[in-house]
Amino acid sequence: MAGRRFGWSRAALLQLILGVNLMVMPRTQARTLRFVTLLYRHGDRSPVKAYPKDPHQEDKWPQGFGQLTKEGMLQHWELGQALRQRYHGFLNTSYHRQEVYVRSTDFDRTLMSAEANLAGLFPPDGIQRFNPNISWQPIPVHTVPVAEDRLLKFPLGPCPRFEQLQNETRRMPEYQNESVQNAQFLDMVANETGLTDLSLETVWNVYDTLFCEQTHGLPLPPWASPQTMQRLSRLKDFSFRFLFGIYKQAEKARLQGGVLLAQIRKNLTLMATTSQLPKLLVYSAHDTTLVALHMALGVYNGEQAPYASCHMFELYQEDSGNFSVEMYFRNESHRAPWPLTLPGCSHRCPLQDFLRLTEPVVPKDWLQECQLAGGPADTEVIVALAVCGSILFLLIVLLLTVLFRVQAQPPGYRHVPDGEDHA
(Lines of atoms letter the chains of each structure in order from A and count residues from 1; the text may use other names and numbers.)
(Lines give C-alpha, C1' and ligand atoms only; values in the text may rest on other atoms or scores of the structure.)
Protein backbone atom coordinates (compact mmCIF):
# COMPACT_ATOMS: atom_id res chain seq x y z
CA MET A 1 0.00 0.00 0.00
CA ALA A 2 2.83 2.34 0.87
CA GLY A 3 4.42 1.74 -2.52
CA ARG A 4 1.15 2.31 -4.22
CA ARG A 5 0.63 5.59 -2.43
CA PHE A 6 4.18 6.61 -3.44
CA GLY A 7 3.39 5.84 -7.07
CA TRP A 8 0.35 8.05 -7.07
CA SER A 9 2.34 10.84 -5.43
CA ARG A 10 5.08 10.60 -8.09
CA ALA A 11 2.50 10.80 -10.87
CA ALA A 12 0.85 13.78 -9.25
CA LEU A 13 4.24 15.46 -8.82
CA LEU A 14 5.08 14.84 -12.49
CA GLN A 15 1.79 16.40 -13.59
CA LEU A 16 2.47 19.39 -11.36
CA ILE A 17 5.96 19.89 -12.84
CA LEU A 18 4.63 19.60 -16.41
CA GLY A 19 1.86 22.07 -15.64
CA VAL A 20 4.34 24.60 -14.27
CA ASN A 21 6.63 24.14 -17.29
CA LEU A 22 3.76 24.69 -19.71
CA MET A 23 2.93 27.95 -17.98
CA VAL A 24 6.55 29.14 -17.84
CA MET A 25 7.71 28.10 -21.34
CA PRO A 26 6.78 30.62 -24.07
CA ARG A 27 4.33 29.49 -26.72
CA THR A 28 5.77 28.71 -30.11
CA GLN A 29 4.95 31.49 -32.56
CA ALA A 30 2.58 30.00 -35.11
CA ARG A 31 2.64 31.95 -38.35
CA THR A 32 0.59 31.43 -41.45
CA LEU A 33 1.67 32.47 -44.94
CA ARG A 34 -1.40 34.07 -46.46
CA PHE A 35 -0.34 35.74 -49.71
CA VAL A 36 2.66 36.00 -52.05
CA THR A 37 3.46 38.54 -54.76
CA LEU A 38 6.35 37.85 -57.14
CA LEU A 39 8.03 40.23 -59.57
CA TYR A 40 10.66 38.70 -61.82
CA ARG A 41 12.77 39.69 -64.78
CA HIS A 42 12.63 37.68 -68.00
CA GLY A 43 15.34 35.14 -68.73
CA ASP A 44 18.37 35.32 -71.00
CA ARG A 45 17.62 36.99 -74.33
CA SER A 46 19.20 38.08 -77.56
CA PRO A 47 20.31 41.74 -77.77
CA VAL A 48 17.63 44.34 -78.32
CA LYS A 49 19.57 45.75 -81.27
CA ALA A 50 22.99 45.89 -82.90
CA TYR A 51 25.20 48.94 -83.35
CA PRO A 52 25.95 50.13 -86.92
CA LYS A 53 29.46 48.57 -87.14
CA ASP A 54 28.48 45.36 -85.33
CA PRO A 55 29.61 42.27 -87.30
CA HIS A 56 26.81 40.31 -85.60
CA GLN A 57 23.53 41.58 -86.99
CA GLU A 58 20.02 40.22 -86.42
CA ASP A 59 20.46 37.22 -88.70
CA LYS A 60 22.93 35.76 -86.18
CA TRP A 61 20.09 35.21 -83.70
CA PRO A 62 17.61 32.35 -84.35
CA GLN A 63 14.52 34.36 -83.39
CA GLY A 64 15.89 37.86 -84.00
CA PHE A 65 16.44 40.69 -81.54
CA GLY A 66 15.05 40.86 -78.01
CA GLN A 67 13.87 37.26 -77.88
CA LEU A 68 14.06 34.69 -75.09
CA THR A 69 16.78 32.10 -75.68
CA LYS A 70 16.84 28.43 -74.69
CA GLU A 71 19.07 29.44 -71.78
CA GLY A 72 16.42 31.94 -70.69
CA MET A 73 13.70 29.31 -70.87
CA LEU A 74 15.76 26.99 -68.66
CA GLN A 75 16.49 29.80 -66.17
CA HIS A 76 12.80 30.38 -65.66
CA TRP A 77 11.90 26.72 -65.53
CA GLU A 78 14.48 26.33 -62.76
CA LEU A 79 13.09 29.40 -60.97
CA GLY A 80 9.64 27.83 -61.19
CA GLN A 81 11.02 24.64 -59.63
CA ALA A 82 12.66 26.65 -56.84
CA LEU A 83 9.38 28.47 -56.16
CA ARG A 84 7.54 25.15 -56.13
CA GLN A 85 9.89 23.95 -53.40
CA ARG A 86 9.79 27.20 -51.43
CA TYR A 87 6.00 27.37 -51.35
CA HIS A 88 5.36 23.66 -50.88
CA GLY A 89 2.45 23.42 -48.46
CA PHE A 90 1.27 26.91 -49.31
CA LEU A 91 0.37 26.27 -52.93
CA ASN A 92 -1.34 23.19 -54.20
CA THR A 93 1.08 20.80 -55.86
CA SER A 94 -1.09 20.90 -58.99
CA TYR A 95 -2.35 23.99 -60.78
CA HIS A 96 -5.61 25.47 -59.48
CA ARG A 97 -6.71 28.56 -61.35
CA GLN A 98 -8.28 30.11 -58.21
CA GLU A 99 -4.85 30.16 -56.52
CA VAL A 100 -2.71 31.87 -59.15
CA TYR A 101 -2.86 34.96 -61.36
CA VAL A 102 -0.03 35.91 -63.73
CA ARG A 103 0.39 39.19 -65.57
CA SER A 104 3.17 40.06 -68.00
CA THR A 105 4.24 42.98 -70.11
CA ASP A 106 3.33 42.50 -73.76
CA PHE A 107 6.76 41.35 -74.93
CA ASP A 108 7.56 37.91 -76.29
CA ARG A 109 10.41 37.41 -73.82
CA THR A 110 8.35 38.23 -70.71
CA LEU A 111 5.33 36.22 -71.84
CA MET A 112 7.49 33.20 -72.67
CA SER A 113 9.44 33.56 -69.41
CA ALA A 114 6.19 33.42 -67.46
CA GLU A 115 5.12 30.31 -69.37
CA ALA A 116 8.47 28.57 -68.77
CA ASN A 117 8.28 29.53 -65.10
CA LEU A 118 4.79 28.08 -64.75
CA ALA A 119 5.97 24.86 -66.40
CA GLY A 120 8.44 24.45 -63.56
CA LEU A 121 6.05 25.61 -60.86
CA PHE A 122 3.07 23.48 -61.87
CA PRO A 123 4.01 20.38 -63.86
CA PRO A 124 0.80 18.50 -64.70
CA ASP A 125 -0.13 15.71 -62.35
CA GLY A 126 -2.52 12.83 -62.90
CA ILE A 127 -5.70 13.92 -64.62
CA GLN A 128 -4.06 17.21 -65.69
CA ARG A 129 -1.88 15.39 -68.22
CA PHE A 130 -3.49 15.71 -71.64
CA ASN A 131 -0.71 13.58 -73.14
CA PRO A 132 1.23 11.00 -71.10
CA ASN A 133 4.41 11.89 -72.98
CA ILE A 134 4.21 15.65 -72.30
CA SER A 135 5.01 16.97 -68.83
CA TRP A 136 3.49 20.38 -69.50
CA GLN A 137 0.09 22.05 -69.38
CA PRO A 138 -1.10 25.46 -70.63
CA ILE A 139 -1.61 28.03 -67.87
CA PRO A 140 -2.98 31.51 -68.69
CA VAL A 141 -0.72 34.57 -68.65
CA HIS A 142 -2.52 37.92 -68.88
CA THR A 143 -1.25 41.13 -70.47
CA VAL A 144 -2.25 44.52 -71.87
CA PRO A 145 -0.87 46.36 -74.94
CA VAL A 146 2.43 48.15 -74.29
CA ALA A 147 0.85 51.55 -74.99
CA GLU A 148 -1.73 50.91 -72.25
CA ASP A 149 0.60 49.41 -69.63
CA ARG A 150 0.72 51.74 -66.62
CA LEU A 151 1.92 49.10 -64.17
CA LEU A 152 4.94 47.09 -65.34
CA LYS A 153 6.63 48.83 -68.31
CA PHE A 154 9.13 51.42 -67.08
CA PRO A 155 9.86 54.23 -67.30
CA LEU A 156 6.19 55.16 -67.30
CA GLY A 157 5.17 57.90 -69.66
CA PRO A 158 4.31 60.29 -70.99
CA CYS A 159 4.92 62.22 -67.78
CA PRO A 160 6.04 65.85 -68.27
CA ARG A 161 7.08 66.29 -64.63
CA PHE A 162 9.32 63.21 -64.80
CA GLU A 163 10.97 64.56 -67.96
CA GLN A 164 11.52 67.85 -66.14
CA LEU A 165 13.14 65.98 -63.24
CA GLN A 166 15.44 64.21 -65.72
CA ASN A 167 16.49 67.56 -67.18
CA GLU A 168 17.20 68.83 -63.67
CA THR A 169 19.17 65.64 -62.92
CA ARG A 170 21.42 66.38 -65.89
CA ARG A 171 22.45 69.61 -64.15
CA MET A 172 23.44 67.86 -60.92
CA PRO A 173 27.19 67.73 -60.06
CA GLU A 174 27.24 63.90 -60.04
CA TYR A 175 25.87 63.75 -63.58
CA GLN A 176 28.13 66.58 -64.79
CA ASN A 177 31.20 64.90 -63.30
CA GLU A 178 30.36 61.60 -64.98
CA SER A 179 29.95 63.42 -68.29
CA VAL A 180 33.35 65.09 -68.02
CA GLN A 181 35.18 61.99 -66.80
CA ASN A 182 33.75 59.80 -69.57
CA ALA A 183 33.72 62.23 -72.50
CA GLN A 184 36.78 60.78 -74.26
CA PHE A 185 35.69 57.22 -73.51
CA LEU A 186 32.25 57.85 -75.01
CA ASP A 187 33.87 59.42 -78.08
CA MET A 188 35.98 56.28 -78.53
CA VAL A 189 32.95 53.99 -78.19
CA ALA A 190 30.94 56.14 -80.59
CA ASN A 191 33.74 55.99 -83.16
CA GLU A 192 34.13 52.21 -82.85
CA THR A 193 30.41 51.47 -82.99
CA GLY A 194 29.33 54.05 -85.55
CA LEU A 195 26.76 55.55 -83.17
CA THR A 196 26.25 59.29 -83.47
CA ASP A 197 23.98 59.93 -80.47
CA LEU A 198 25.89 58.15 -77.69
CA SER A 199 25.54 59.54 -74.16
CA LEU A 200 25.59 58.47 -70.52
CA GLU A 201 21.93 57.57 -70.93
CA THR A 202 22.24 55.45 -74.08
CA VAL A 203 25.63 53.75 -73.71
CA TRP A 204 23.96 50.87 -71.85
CA ASN A 205 22.69 49.69 -75.25
CA VAL A 206 26.27 49.08 -76.37
CA TYR A 207 27.10 47.13 -73.22
CA ASP A 208 23.91 45.10 -73.52
CA THR A 209 24.68 44.09 -77.10
CA LEU A 210 28.27 43.14 -76.30
CA PHE A 211 27.23 41.28 -73.15
CA CYS A 212 24.67 39.20 -75.05
CA GLU A 213 27.16 38.39 -77.80
CA GLN A 214 29.85 37.43 -75.30
CA THR A 215 27.42 35.27 -73.31
CA HIS A 216 26.52 33.32 -76.45
CA GLY A 217 30.10 32.78 -77.60
CA LEU A 218 30.27 35.37 -80.36
CA PRO A 219 33.71 37.04 -80.67
CA LEU A 220 33.92 40.64 -79.49
CA PRO A 221 35.81 43.31 -81.47
CA PRO A 222 39.36 44.12 -80.28
CA TRP A 223 38.34 47.46 -78.76
CA ALA A 224 35.87 45.71 -76.39
CA SER A 225 38.60 44.69 -73.94
CA PRO A 226 37.82 43.44 -70.40
CA GLN A 227 38.62 46.93 -69.09
CA THR A 228 36.25 48.50 -71.61
CA MET A 229 33.51 46.04 -70.73
CA GLN A 230 33.96 46.75 -67.03
CA ARG A 231 33.68 50.48 -67.63
CA LEU A 232 30.62 50.04 -69.84
CA SER A 233 29.03 47.90 -67.12
CA ARG A 234 29.55 50.65 -64.55
CA LEU A 235 28.00 53.25 -66.86
CA LYS A 236 25.08 50.89 -67.49
CA ASP A 237 24.39 50.81 -63.75
CA PHE A 238 24.75 54.59 -63.63
CA SER A 239 22.01 54.91 -66.26
CA PHE A 240 19.58 53.14 -63.90
CA ARG A 241 20.46 55.57 -61.13
CA PHE A 242 19.95 58.46 -63.53
CA LEU A 243 16.46 57.22 -64.35
CA PHE A 244 15.23 56.60 -60.84
CA GLY A 245 17.67 58.27 -58.45
CA ILE A 246 20.48 60.85 -58.00
CA TYR A 247 18.05 63.78 -57.71
CA LYS A 248 14.68 63.94 -55.93
CA GLN A 249 14.49 60.16 -55.73
CA ALA A 250 11.28 60.17 -53.68
CA GLU A 251 9.42 62.29 -56.24
CA LYS A 252 10.75 60.17 -59.10
CA ALA A 253 9.52 57.12 -57.21
CA ARG A 254 6.01 58.61 -56.98
CA LEU A 255 5.99 58.95 -60.76
CA GLN A 256 7.58 55.55 -61.49
CA GLY A 257 8.10 52.60 -59.14
CA GLY A 258 5.58 53.97 -56.65
CA VAL A 259 2.80 53.22 -59.14
CA LEU A 260 3.52 49.48 -58.99
CA LEU A 261 4.12 49.70 -55.24
CA ALA A 262 0.67 51.27 -54.83
CA GLN A 263 -0.93 48.21 -56.45
CA ILE A 264 1.15 45.84 -54.32
CA ARG A 265 0.12 47.72 -51.15
CA LYS A 266 -3.51 47.57 -52.21
CA ASN A 267 -3.29 43.81 -52.74
CA LEU A 268 -1.57 43.22 -49.38
CA THR A 269 -4.25 45.24 -47.60
CA LEU A 270 -7.03 43.44 -49.44
CA MET A 271 -5.66 40.01 -48.55
CA ALA A 272 -5.29 41.02 -44.90
CA THR A 273 -8.92 42.08 -44.70
CA THR A 274 -10.96 40.03 -47.17
CA SER A 275 -8.84 37.23 -48.71
CA GLN A 276 -10.50 37.89 -52.07
CA LEU A 277 -7.37 37.56 -54.22
CA PRO A 278 -5.53 34.46 -55.44
CA LYS A 279 -2.86 33.20 -53.04
CA LEU A 280 -0.11 33.87 -55.59
CA LEU A 281 0.11 36.97 -57.79
CA VAL A 282 2.93 37.01 -60.34
CA TYR A 283 4.33 39.86 -62.46
CA SER A 284 6.67 39.05 -65.36
CA ALA A 285 8.59 42.14 -66.45
CA HIS A 286 12.01 43.75 -66.92
CA ASP A 287 15.15 44.91 -65.15
CA THR A 288 13.84 48.49 -65.20
CA THR A 289 10.68 47.28 -63.44
CA LEU A 290 12.70 45.74 -60.63
CA VAL A 291 15.03 48.73 -60.30
CA ALA A 292 12.10 51.18 -60.24
CA LEU A 293 10.42 49.15 -57.48
CA HIS A 294 13.66 48.75 -55.50
CA MET A 295 14.33 52.49 -55.72
CA ALA A 296 10.83 53.21 -54.43
CA LEU A 297 11.35 50.77 -51.55
CA GLY A 298 14.85 52.06 -50.78
CA VAL A 299 16.44 48.60 -51.19
CA TYR A 300 18.28 49.03 -54.52
CA ASN A 301 21.77 47.48 -54.45
CA GLY A 302 23.12 49.67 -57.25
CA GLU A 303 23.34 46.89 -59.83
CA GLN A 304 21.25 45.72 -62.77
CA ALA A 305 18.82 42.95 -61.84
CA PRO A 306 20.11 39.77 -63.53
CA TYR A 307 18.08 37.48 -65.75
CA ALA A 308 15.31 35.57 -63.93
CA SER A 309 15.89 37.50 -60.70
CA CYS A 310 12.82 37.56 -58.49
CA HIS A 311 11.51 39.90 -55.78
CA MET A 312 9.18 38.22 -53.28
CA PHE A 313 6.59 39.84 -51.03
CA GLU A 314 5.26 37.42 -48.41
CA LEU A 315 2.28 38.33 -46.23
CA TYR A 316 2.08 36.44 -42.94
CA GLN A 317 -0.61 36.31 -40.30
CA GLU A 318 1.03 36.13 -36.90
CA ASP A 319 -0.19 34.10 -33.92
CA SER A 320 -1.58 37.37 -32.53
CA GLY A 321 -3.78 37.80 -35.60
CA ASN A 322 -1.77 40.77 -36.88
CA PHE A 323 -0.12 40.77 -40.31
CA SER A 324 3.50 41.27 -41.32
CA VAL A 325 5.37 41.57 -44.61
CA GLU A 326 8.70 39.98 -45.48
CA MET A 327 10.67 40.70 -48.67
CA TYR A 328 13.30 38.58 -50.40
CA PHE A 329 15.34 38.96 -53.59
CA ARG A 330 16.57 35.95 -55.51
CA ASN A 331 19.36 37.11 -57.80
CA GLU A 332 21.50 33.98 -57.67
CA SER A 333 20.28 30.52 -58.55
CA HIS A 334 22.78 28.66 -56.34
CA ARG A 335 21.83 30.24 -53.00
CA ALA A 336 18.78 31.12 -50.94
CA PRO A 337 17.05 34.46 -51.67
CA TRP A 338 18.49 37.49 -49.91
CA PRO A 339 16.27 38.96 -47.18
CA LEU A 340 15.43 42.62 -47.84
CA THR A 341 14.62 45.08 -45.08
CA LEU A 342 12.51 48.18 -45.67
CA PRO A 343 14.38 51.21 -44.24
CA GLY A 344 12.91 52.11 -40.87
CA CYS A 345 11.45 48.66 -40.23
CA SER A 346 12.54 45.17 -39.24
CA HIS A 347 12.77 42.34 -41.76
CA ARG A 348 9.50 41.02 -40.37
CA CYS A 349 7.74 44.34 -40.95
CA PRO A 350 4.26 44.80 -39.46
CA LEU A 351 1.83 45.48 -42.30
CA GLN A 352 0.72 48.82 -40.84
CA ASP A 353 4.35 49.97 -40.57
CA PHE A 354 5.02 48.78 -44.12
CA LEU A 355 2.08 50.84 -45.38
CA ARG A 356 3.09 53.89 -43.35
CA LEU A 357 6.74 53.83 -44.43
CA THR A 358 5.93 53.40 -48.14
CA GLU A 359 3.14 56.01 -48.20
CA PRO A 360 5.46 58.94 -49.17
CA VAL A 361 6.47 57.31 -52.48
CA VAL A 362 2.96 56.33 -53.59
CA PRO A 363 1.18 58.82 -55.90
CA LYS A 364 -2.24 60.12 -54.92
CA ASP A 365 -3.12 61.05 -58.52
CA TRP A 366 -0.44 60.03 -61.02
CA LEU A 367 -1.87 62.00 -63.95
CA GLN A 368 -2.12 65.16 -61.87
CA GLU A 369 1.35 64.76 -60.36
CA CYS A 370 2.80 64.27 -63.84
CA GLN A 371 1.64 67.74 -64.89
CA LEU A 372 4.05 70.65 -64.86
CA ALA A 373 3.32 73.80 -62.92
CA GLY A 374 1.50 75.85 -65.54
CA GLY A 375 1.06 72.69 -67.58
CA PRO A 376 -1.98 71.46 -69.51
CA ALA A 377 -4.26 71.24 -66.48
CA ASP A 378 -3.45 74.80 -65.42
CA THR A 379 -3.73 75.99 -69.00
CA GLU A 380 -7.28 74.67 -69.21
CA VAL A 381 -8.20 76.63 -66.09
CA ILE A 382 -6.58 79.78 -67.46
CA VAL A 383 -8.40 79.42 -70.79
CA ALA A 384 -11.71 78.88 -69.01
CA LEU A 385 -11.15 81.95 -66.84
CA ALA A 386 -10.16 83.99 -69.88
CA VAL A 387 -13.34 82.97 -71.73
CA CYS A 388 -15.50 83.78 -68.72
CA GLY A 389 -13.71 87.08 -68.28
CA SER A 390 -14.25 87.99 -71.93
CA ILE A 391 -17.97 87.19 -71.73
CA LEU A 392 -18.30 89.23 -68.55
CA PHE A 393 -16.46 92.13 -70.17
CA LEU A 394 -18.79 92.07 -73.20
CA LEU A 395 -21.85 92.04 -70.94
CA ILE A 396 -20.54 95.05 -69.03
CA VAL A 397 -19.83 96.92 -72.27
CA LEU A 398 -23.31 96.08 -73.58
CA LEU A 399 -24.94 97.23 -70.34
CA LEU A 400 -22.99 100.49 -70.31
CA THR A 401 -23.93 101.11 -73.96
CA VAL A 402 -27.64 100.68 -73.20
CA LEU A 403 -27.42 102.97 -70.19
CA PHE A 404 -25.55 105.59 -72.18
CA ARG A 405 -28.19 105.60 -74.93
CA VAL A 406 -31.04 105.93 -72.43
CA GLN A 407 -29.34 108.85 -70.75
CA ALA A 408 -28.61 110.47 -74.12
CA GLN A 409 -32.34 110.81 -75.06
CA PRO A 410 -33.88 114.42 -74.59
CA PRO A 411 -36.12 114.78 -71.53
CA GLY A 412 -39.86 114.38 -72.29
CA TYR A 413 -39.26 112.98 -75.77
CA ARG A 414 -42.11 110.75 -76.98
CA HIS A 415 -42.72 109.10 -80.30
CA VAL A 416 -45.61 110.83 -82.15
CA PRO A 417 -47.55 108.69 -84.68
CA ASP A 418 -47.64 110.11 -88.21
CA GLY A 419 -51.30 109.19 -88.62
CA GLU A 420 -50.74 106.62 -91.39
CA ASP A 421 -51.97 103.09 -91.09
CA HIS A 422 -49.46 100.42 -92.04
CA ALA A 423 -51.07 97.29 -93.43
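Heads up, the Cβ atoms here are built off N, Cα and C, so glycines get one too.
Small disclaimer: the values here were computed from a predicted structure and weren't measured.
Residues or ranges marked as signal peptide by Swiss-Prot on the basis of similarity to another entry: 1-30. Among the features that Swiss-Prot reports, topological domain 'Lumenal' is placed at 31-380, with the record citing sequence analysis. Annotation comment: Swiss-Prot describes Asn92, Asn133, Asn167, Asn177, Asn191, Asn267, Asn322, Asn331 as N-linked glycosylation site. The feature disulfide bond is assigned by Swiss-Prot to Cys159-Cys370, Cys212-Cys310, Cys345-Cys349. The transmembrane segment annotation in Swiss-Prot covers 381-401. Positions annotated as topological domain 'Cytoplasmic' by Swiss-Prot: 402-423.
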Pairwise CA distance, Cys345 (disulfide bond) versus Cys370 (disulfide bond), rounded so that it is a whole Å: 30
Coarse DSSP state, helix versus strand versus coil, of Cys310 (disulfide bond): strand
Cα proximity to Asn322 (N-linked glycosylation site), best match among recorded positions Asn133, Asn191, Cys349: Cys349
Cβ packing number for Asn267 (N-linked glycosylation site), 10 Å threshold: 18
Under 8 Å by Cβ from Asn92 (N-linked glycosylation site), same chain, sequence gap 6 or more: Glu99
Number of other Cβ atoms within 10 Å of the Cβ of Asn177 (N-linked glycosylation site) across all protein chains: 10
Under 8 Å by Cβ from Asn331 (N-linked glycosylation site), counting only residues of that chain that are 6 or more apart: Ala305, Pro306, Ser309, Trp338
Nearest of the recorded positions (Cys159, Asn191, Cys349, Cys370) to Cys212 (disulfide bond) - Cα to Cα: Asn191
Model confidence over the topological domain 'Cytoplasmic' (402-423) (mean pLDDT, whole number): 44
Other CB atoms within 10 A, centred on Cys349 (disulfide bond): 21
Fewest other Cβ within 10 angstroms of its own Cβ, chosen from the glycosylation sites Asn133, Asn167, Asn191, Asn322: Asn133
Asn267 (N-linked glycosylation site) versus Cys310 (disulfide bond) - Cα distance in angstrom: 18
Between Asn167 (N-linked glycosylation site) and Asn177 (N-linked glycosylation site): CA-CA distance (Å): 15
